[in-house]
């Protein structure tokens with residue numbers, strides 16, 4: 001008799017995705033981040049669900065309801081901080097996951113890569129709307145600044161912004177709809193994750209060498225289940241250290257001041273994981289130009305398969321491309337730092353140079369260096 005996990009319609013799906021899935025024998029810990037992102041999503045959905053039971057999406061009571069969760073709800077404080085810092089862990093894993101894909105040429109699997117970009121946009125939208133919900137100063141002004149960017153769209157811009165606001169400013173209607181969408185989007189993300197995995201399992205995983213590994217596969221369980229469990233343990237430990245020892249390390253103190261439309265904070269800035277994009281937005285003096293640069297800073301990832309000029313897939317054996325890649329990482333860290341600084345000299349010029357370098361590296365330098373490497377290898 002066939003094992004139930006191989007014959008039962010539902011168990012067969014799980015078996016083919018998590019147990020008997022053939023995986024390359026040489027994938028490193030950089031391949032752990034997919035499962036870590038799944039765990040992050042699960043943590044966020046569960047903590048978010050319990051927070052939603054006590055939260056009220058009304059401008060008069062939203063801030064107070066978050067205080068109530070932290071003070072009066074049993075273990076409400078840990079739920080709130082797990083959710084807030086869980087988002088940070090989510091983005092750390094996301095950036096490392098995307099970075100891995102860039103380094104090892106995983107973007108050659110175009111469908112998987114494009115669904116991944118959609119996922120990145122969806123997670124960013126969810127995180128932005130979630131940041132508005134506590135209704136602190138940074139929530140309110142962050143929402144005002146970012147939604148206002150849409151007014152840069154010619155002709156329909158102003159109408160579009162007022163339609164999203166549900167009025168003439170960020171107010172009760174905006175908060176209510178943001179809560180509704182913040183609740184809805186993680187389930188859309190979950191559906192996209194299934195599509196992402198579906199496309200991945202069509203082709204099989206890439207590996208550090210970038211060479212097809214069809215002739216050398218091992219079952220996912222027990223080899224990679226145990227490896228993923230180690231990664232999960234390290235990530236959960238890091239999250240708990242953050243939550244239990246310095247829960248406000250990555251937050252903004254201004255968000256402990258209730259939202260006040262009559263008082264603008266001295267420095268409006270988003271959460272740390274958006275700072276690189278915020279720096280690119282600010283480095284262009286023109287509003288529409290800034291918005292386009294902001295969108296393109298993420299959308300440029302969709303061009304990666306077209307910009308791949310190397311005869312090799314992975315950067316493992318390409319030292320010059322590795323230099324370009326790490327220069328890109330350093331540039332993104334610089335942009336993240338600049339995004340958190342006030343708009344004054346010398347930060348303005350540093351931000352502008354870092355923004356130019358970002359697009360220059362991806363669109364010009366990396367493809368050129370790949371061509372040079374091909375010639376060096378006489379290909």
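Backbone N, Cα and C define each Cβ position, glycine as well.
As given in Swiss-Prot:
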| type | residues | note |
| --- | --- | --- |
| BINDING | 83, 182 | heme b b562 binding site |
| BINDING | 97, 196 | heme b b566 binding site |
| BINDING | 201 | ubiquinone binding site |
| TRANSMEM | 33-53 | transmembrane segment |
| TRANSMEM | 77-98 | transmembrane segment |
| TRANSMEM | 113-133 | transmembrane segment |
| TRANSMEM | 178-198 | transmembrane segment |
| TRANSMEM | 226-246 | transmembrane segment |
| TRANSMEM | 288-308 | transmembrane segment |
| TRANSMEM | 320-340 | transmembrane segment |
| TRANSMEM | 347-367 | transmembrane segment |
Exercise for the section: In whole Å, note down how far the CA of the residue listed as 'ubiquinone binding site' lies from the CA of residue 97 (heme b b566 binding site). Expected result: 17
Handout entry: Spatial neighbours of the transmembrane segment (33-53) far in sequence, C-beta under 8 Å, 6+ residues away
Key = 69, 76, 79-80, 82-83, 86-87, 89-90, 93-94, 96-97, 100, 182-183, 186-187, 189-190, 193, 228, 231-232, 235-236, 239
Fill in the blank from the handout: Whole-Å Cα distance, residue 196 (heme b b566 binding site) to residue 182 (heme b b562 binding site), is 21
Handout entry: Region pair the transmembrane segment (288-308) / the transmembrane segment (347-367), three or more CB pairs under 8 Å
Key = yes
Practice task
Would you please pick out, from the binding-site residues 83, 97, 182, 201, the one with the fewest other Cβ atoms within 10 Å of its Cβ?
Solution key: 201
Practice task
Count the Cβ atoms, other than its own, that fall within 10 Å of the Cβ of residue 196 (heme b b566 binding site), considering every protein chain shown.
Solution key: 21
Problem - Chain residues in Cβ proximity to the transmembrane segment (178-198) (below 8 Å; excluding those fewer than six residues from its ends, i.e. six or more beyond) - result: 17, 38, 41, 44-45, 48, 52, 55, 57, 112, 115-116, 118-119, 122-123, 125-126, 129-130, 132-133, 143
Handout entry: the residue listed as 'ubiquinone binding site' to residue 83 (heme b b562 binding site) - Cα separation in whole Å
Key = 30
